[in-house]
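These come from Swiss-Prot:
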DOMAIN    1-101  domain 'PX'
DOMAIN    132-191  domain 'SH3 1'
DOMAIN    202-261  domain 'SH3 2'
REGION    261-366  region 'Disordered'
MOD_RES   S279  phosphoserine
MOD_RES   S280  phosphoserine
COMPBIAS  285-294  compositional bias 'Basic residues'
MOD_RES   S296  phosphoserine
MOD_RES   S304  phosphoserine
MOD_RES   S321  phosphoserine
MOD_RES   S324  phosphoserine
Amino acid sequence: MYMFLVKWQDLSEKVVYRRFTEIYEFHKTLKEMFPIEAGAINPENRIIPHLPAPKWFDGQRAAENHQGTLTEYCSTLMSLPTKISRCPHLLDFFKVRPDDLKLPTDNQTKKPETYLMPKDGKSTATDITGPIILQTYRAIADYEKTSGSEMALSTGDVVEVVEKSESGWWFCQMKAKRGWIPASFLEPLDSPDETEDPEPNYAGEPYVAIKAYTAVEGDEVSLLEGEAVEVIHKLLDGWWVIRKDDVTGYFPSMYLQKSGQDVSQAQRQIKRGAPPRRSSIRNAHSIHQRSRKRLSQDAYRRNSVRFLQQRRRQARPGPQSPGSPLEEERQTQRSKPQPAVPPRPSADLILNRCSESTKRKLASAV
């Protein structure tokens, strides 16, 4: 996680937090928007600075000394011609987001470096923590990248995973390369199973589809934009198991947003398609003799139906058990004798003991 202190023209100062993968995507898009200034046509015309490699990126450790720090990178961007330094893409990147108002947790700040861009513009960089140990994975098949921000793979390539996105796209590095890779093309070295996959939650979490999707496989679910579902299993490959009424199946997590959150912002963040599923990969070759442990759709459906039936029984008001306090109180009330109705007083008793008004009413009735 990187922290920036951004000073705007109205002299206001805002602190924003960005992950390296966000900075990487921003840099790639900026180069695509201004190919001449990025040196894509003629390297001598390049004025957009190189993105400095973080210190955990061993393959670029030597190059980092020449590229400078992230602070210098941002300072150079701000000094570029107005069409670049004031373009909406750059300004939007440094605007305060709702997540910036929440302080990062310890897990978020324990990254290899955090840079602070001071308002006086001087280049300072402070190391917050030491080196970070990255997880190592192996490619089970060849993968051809479809965009500049992705990374191509060959079967057997070993990569280090920098960030595991819930979308199923993982940011990885390999020697001097880095980019996004579908998690379905990767397997752990020590086991075919992904130990970080959480357990199913059949109570479900409410989500909304922010993009329509038509099922391709028989175990998938089709949804229209805006439909509400319950997520019962969040898998790291980006294909979550959802429940729509009594139907369960797989759905791309990147097309889902938690209920009650800003849908439009989530829709703008969809920059690529859903990652391929492991079952659709041809010529996949694992180094492990046994396959991954995965629940079948029948198991998901059976467990989900059982949970829903139990929840409906608990919600339905039923008869009280014989030993319950409420039932005992009702039995006690029924067993108590009813009070006797007193006899009607005689006319002589009324004339002797009642008020004059009551006496007159009695006389008129007679």
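The backbone N, Cα and C atoms fix where each Cβ goes, and this holds for glycine too.
Annotated features taken from Swiss-Prot, shown on the structure.
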| residue | record | Cβ within 10 Å |
| --- | --- | --- |
| S279 | phosphoserine | 12 |
| S280 | phosphoserine | 10 |
| S296 | phosphoserine | 9 |
| S304 | phosphoserine | 21 |
Could you give the mean pLDDT over the domain 'SH3 2' (202-261), rounded to a whole number? 93
Counting only residues at least 6 beyond its ends, the same-chain positions whose CB falls under 8 A of a CB in the compositional bias 'Basic residues' (285-294) are 138, 140-141, 155-156, 187, 189, 191-194, 278
Inter-residue C-alpha distance, S280 (phosphoserine) and S304 (phosphoserine) (nearest angstrom): 26
Rounding to whole Å, the Cα atoms of S304 (phosphoserine) and S296 (phosphoserine) are apart by 12
Hey, how far is S296 (phosphoserine) from S279 (phosphoserine), Cα to Cα, in Å? 13
Secondary structure tally of the domain 'PX' (1-101) (DSSP, helix then strand then coil): 51 helix, 12 strand, 38 coil
For S296 (phosphoserine), what is the secondary structure by DSSP, using just helix, strand and coil? coil
